[in-house]
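Right, one structure below, let's go through it.
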Amino acid sequence: MRDMILIVDHQHEFSRMIARKLRAERFYCRVVPGDMTPEQLRAQEASGIVLAGGLRGEMPTPAQVAACEGVLALELPVLAMGDASLALLCALGGRVGDAFVQGQALTIRYADIPVFDGLGAGERWLAQAREVDLPAEVTPVAGCDAGTVAFGHSHRPVYGVQFQVEQNDPDGMAILSNFAQRICRCTPWWSTEAFIERGKAEIVAEAEGGRALCAVSGGVDSTVCALLAHLALGERMQALVLDNGLLREGEAQATFEMLSNLDVDTARMDVTAQTFEALRGLTDWDAKRRAVVGVMHRAMDAFAGALDGASILLQGTNYSDITIGHVPDTAGSRLRTLLPLRELFKDEVRRVAEQLGLPVEVARRQPFPAAGLAMRIAGETTPERVRMLRAADAVFAAEIREAGQERRLTRFYPTLVSGAPFGWTGEVIVLHAAHASDSRMVPARLPYDLTERVAGRIVREVPGVSRVLYDLTPGGVRAEGA
């Protein structure tokens, strides 16, 4: 048995929130896909399982009930939250009825049991709660005047709550902490320092005495990955800065110099020509991403072939990348691939960067698409269009910093679109800026004089750009910054 909680992902937003809250209390947890089989779950050797459901209030399907039956067969402590609690109830032999509350804040009273230790009656927002017919050996453990909102097994550590944790939620945090510590007997050992030591040990074990290759883009993920491997392997770690012509202004050279100054053995390879050849004629976003990533993988594989004793390829893929499907395809590669950061959220990667002593500007660098500026250009990506976007990006970033807005914003970047569909000559730069609010990206209201300066400078200083727009569309800023 491992000192760990498994979070079974039936709703990505809440799985992330549960994981963040458990880790904030220093409990180690791992998010796994909702379609994992009972055998795969058992192989994780976890101390307990959280089933993270959504708040749609839908009736559980036979497949969802069967999945919960498989989880119960593991005989581990289980906490089902949100819709997952309804499937768990059916798996225990209960029945689910009509909704008795929708979108209301009600006073919840909790039973005096370990999982609710320290909780008194308090108001809670219920997106939806359904009537429940509890089977023998299952009892109500929390409710309001309108009905039952949580249940528990009388002699097994199995609980279901029809609500989910919220962004600022002391009661939700207490429930998770009680479940981890008092029910699953986990200890609060997780920390940035603990991850660094585990990461170094994993890299040493996977390298098997050979050398490691790590491609570095200049972003915080790949830089942390390279430095972690350098600490683990020393001279047996080779960093490779791949300049594909799609990086931000001066980024390739700055990355090379930074790693070299940290005594990391670093090489540089220019694949600009190959990249633009692969992008020729492509306009579809996914096709462009595949083309760029394909060039980079082939370049890394060729470099690895000339690297004496290379055994593993390290890539800075974090948990957020994995959940949006950006898992590197390394089929056909001559090296085994290791993703040391695969369980970390972006903010956790930044904390590791700070702990490793990376400069603040690197640790706090904004996310950047794996396929670079190609993912910020609508239509075909050509050298000339990249030149325009890169110059506009430099102007926007400089003005944001000069105005003291950098720390207030979670994302800020320009994209480039053709003016032709609107009857305009030249290219159009669209500015995007947002800050995070309750796990969502909300467009930022930049000062008018700032946007006016940015627009004026771009039109004057970037030949070929005829207009500058500012995007205030809700949800217009994508999480990966593409």
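Glycine too: its Cβ is placed from the backbone N, Cα and C atoms.
Nobody curates TrEMBL annotations by hand; they come from automatic prediction.
The ATP binding site annotation in TrEMBL covers S217, G218, G219, V220, D221, S222, T223. Residues or ranges marked as domain 'GMPS ATP-PPase' in TrEMBL: 190-365.
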Exercise. Across all protein chains in the structure, which of the binding-site residues S217, S222, T223 has the highest Cβ count within 10 Å?
Worked result: T223
Problem set entry | Spatial neighbours of D221 (ATP binding site) that are distant in sequence (at least 6 apart) but have CB under 8 A | G316, T317, N318, D321, L341, K346, V349
For this session: Note down the number of other Cβ atoms within 10 Å of the Cβ of G219 (ATP binding site), including every protein chain shown.
Result: 22
Exercise. Per DSSP, S217 (ATP binding site) is which: helix, strand or coil?
Worked result: coil
Exercise. To which of the binding-site residues G218, V220 does the lowest count of other Cβ atoms within 10 Å belong?
Worked result: G218
Problem set entry | Beyond the site residues S217, G218, G219, V220, D221, S222, T223: chain residues whose C-beta lies within 8 Å of the centroid, for ATP | V216, V224, C225, T255, G316, V362, R365, F368
For this session: Tell me, roughly as an integer, the mean pLDDT over the domain 'GMPS ATP-PPase' (190-365).
Result: 91
